[in-house]
Amino acid sequence: MASAMPLALLLLLCLLVSHTHGSRRVLFRSSDDAGASPPSNAACPSIASGHSNGNKVPLVHRLSPCSPLGGDDVRKHGKAALHEILNRDGLRMRYLSEVKASNQTAPATANVMSSLPGVFSYTALAGYGTPAQQFPVYFDVSGMSNLQCKPCSSGAGSGTCDRTFDPTQSSTFTTVPCGSPDCTVEPQTSSCASGGSCAFTFRNSTFLYANGTVVTDTLTLSPSATFEDFFVGCLQVDNQYFGDDGIAIGNIDLSRRRHSLATRALLSSPPGTAAFSYCLPADTDTHGFLTVAPAMSEYSSLAGVKYLPLVTKPTAPDSDWYYVDLVAIAVEGKDLPFPPAEFRGNGTFIDNLVDFSYLSPPIYAALRDEFRRTMAKYQPAPAFKYLDTCYNFTGIDYIDLPNITLKFGNGETMDLDDRQYMYFFREHLDEGFPFGCLAFAAYPTYGYNWLGTQVQRTKEIVFDVRGGQVAFVPSRCGLR
């Protein structure tokens, strides 16, 4: 089997994969792509214009040349730095674990994200209002929908404020009044005054804190994916968060909450329809898609589809996030020495904002040790923060990588592609050698297992909420 994978800032690593004695052989061929031209606008007209094909919305990495977030400025950024990815992962996991567990109230002012520009990786264009005002947004499976709105706060710069939603220009805009059943914005903190609008303090899954008002208007993702009276939080935040470096101005909620896009899609769709699906871009030079309400019949005749039941998180049965029943991991066909109960623990969360995958410390230690055993002939490289299983592949034409398989409670197994479990890069190093790390890590504080975006790449992920399952569909994304 052959596949191509562009990987680094100055080094293009092409991976030709074949199976030898149960492992996969990877061929490295390097070329300096510093002089390569970025894709022209003609290569991504639908992304640049925001037009969609039916209910399918183009999805791009924020640093893509096709991104609507910053044009030529975005092209200068290139690939996200590893330290930024790891810091972002840590912030998100700390919030989702600690705030959810303690039900603590976030202050209205602190903003620890100001030092991590461009934290949300995958964005699309969405319209809000009548006529639609179009903005770049990201998608989150764990938080309420929100947009930055006018009037802007005193700290916002003029350039930032120009890119925010203007309620006065929409004929269908309404505010939600205090006392309304819809003025329940948990886990946010509402602060209603009698007779006023539904005000709240917003806390999302990556430490964005702001004050806002709950409103409704028309959300337009495509001509066939339009939702009237769609609830969002109109936020007043300054340019420390929504700055001039290409960050989206809001997010669309894909969780199972009452006012999320997933719930609204199901309410307006016939039986046999999934809530949504997405294919994440494999890198900054490719694009993916978000599909609203795809028919499950689209997948019934496809080969290799893995259907996994959505399960309840043991310690939070009312959670509106998406969990699957991971019960084992095998390396080269050998299961790690843990019973299913050890994997189930606090659940395995499918996340679209954490890049790498994180396991409880005992499970990760076993995976790391077995992986290192199979890679013993290669020169170790220094750890980089959470990624502690890294290698120096200087002068090597071929490397043999072990097969890694995820196993689930319903008997399904999923063999990971090397692009799903290896991270290759060169930044932060003086020498020019290919540097690769196992894209799994331990996160001892939190106890969840997290399936991040890297392990989801190359597959379409279908969230069949009504049917209680999620499907991993191969060969639907395309790498370019």
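Positions of Cβ are set from backbone N, Cα and C atoms, glycine also.
In TrEMBL this protein carries:
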- 1-22: signal peptide (SIGNAL)
- 122-473: domain 'Peptidase A1' (DOMAIN)
- Asp140: active site (ACT_SITE)
- Asp351: active site (ACT_SITE)
> Including all protein chains shown, what's the count of other C-beta atoms within 10 A of the C-beta of Asp140 (active site)?
Replying inline: 23
> Between Asp351 (active site) and Asp140 (active site), what C-alpha distance do you get in Å?
Replying inline: 8
> Which number gives the other C-beta atoms within 10 angstroms of the C-beta of Asp351 (active site), all protein chains shown included?
Replying inline: 24
